[in-house]
């Protein structure tokens, strides 16, 4: 990596870090219950409020955002397509199917078991997507995301059908619309796995960058393509499943952030992956804060906020790309 | 000749579906039950006709077999108009408007937006896959915007707004039935009278213009008619993304010629079979009243995916 690029990345990291720090402080300060260091009348003491509600919520948003953005980046590398991410490739919907299955057959199962089964289902669903997407003609790059969106829709329809039959539609609403308002101490700690996922992704970043060149190129450069695909698949599936289990589906994070970072800083993942993670954290936390203040004291779920931002940016990307071409 | 046999056969099937819908498990106060079922039947048939005609016409003017008004997000657009109206007028103001006035405003808004969004894309002859992708994403965007507005309106009314976001074939909105049927008859009659024009348009833009067709005018007029029919269907039962694709694809396969006279009729009858027959089967055969829209979307989605791969084979 050239020295100039290195400085660029370092500056970008510092800027993003400051931005995130600011948002964290903001997120801790906003809430229905008024903050006061001495403890509010009849309310919860400051320390308890922070430890039980505010801090977990903020951390959950940061972890989810970072993990989902990195997961999206990995998916885009595996499919060699800029418009793919876990919610547009059936990954998140498959995870929801997994949770539904656990809820039906093992209603007493804890979060850990749910996350495990959801990850397994997400893995199967995503592998199926990848295997099928590779058979689409490479000269028509828009077919892949189109297929992904409809594939996600078909899996989603199956999930809705089962949920309808079993009176679980209300739970389904929770899993399919990401929301941090229910996050409390003891309910989100699984999300720390996002650290591991971002870490592993950073370690294999160079190999992922080479994989983006395509299977033949990567293989001739000494990459075990199959093995790397499997690792990438596991990372993506586990991250999406965790997010769906703990807070619900937050769409388009993995699409918006990697695309923006790639525009600003290029495609060398060793330099950009940390930026992608930071960017995801910033986007999700900012969306959560926006959702909290938009109609105070009511809340707009972060999934709804992202559902508006995501497609708008997506549209901008595809239409702009056409004009550039 | 083959088309006549096909039409005869599916006409029988459609009639069987209708008779079954009206008579299976009929008991209690028969006159009352028949009236109730009759109203629901009329709504389902209206929806089937509206979606069949609009989808086939839309595919002709866009020159493709996988694009439908719903996939391009038209019904999401209609719902967004609905939510925007609630937002602008407030819940109380919205409820006190007459349903016909509301429908009129929403349908006009949809026609206007369809013209603003789709017309430029059609005129510039945008790449089909790009248009499809953009359409799917626009649909998603408007669904989320509707959701967002619903939450901004009032948490108490949120449930009401959200209920309208799932398609519901077992309890169609019968307030609007009379006007919806009238509009469908008029718009459907208009499209049917233009069937020969559409046959020419189906030859492709350049050929059609060579044959003397005023392409831009024909496409614009049909686009407006299509959005009116989409408004009718969405107002009655809500959005069903892949229903149009499913019946249009089947109709295409079942007819030998691509003459609109046959394709229109076959698609309408298939729509009746799927909606009326499917509803009867789910409700009485399997005891599951509310899930037809989900089943239809599941099957239609699979058809759509098959189409994507079939395009590759060609």
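Indices start at 1 and increase along the chain as displayed.
Heads up, the Cβ atoms here are built off N, Cα and C, so glycines get one too.
Whatever TrEMBL says is automated annotation, not expert-curated.
For the ranges A:77-98, A:143-164, the feature annotated in TrEMBL as transmembrane segment maps to A:143-164. Contact between the transmembrane segment (A:298-319) and the transmembrane segment (A:190-210) is not supported, since fewer than 3 Cβ pairs fall under 8 Å when only residues 6 or more apart in sequence are counted. Contacts between the transmembrane segment (A:190-210) and the transmembrane segment (A:231-257): present, as 3 or more C-beta pairs lie under 8 angstroms, all at sequence separation of six or more. Looking at which of A:112-131, A:143-164, A:231-257, A:269-286 has the most CB pairs under 8 Å to the transmembrane segment (A:55-75), the answer is the stretch A:231-257.
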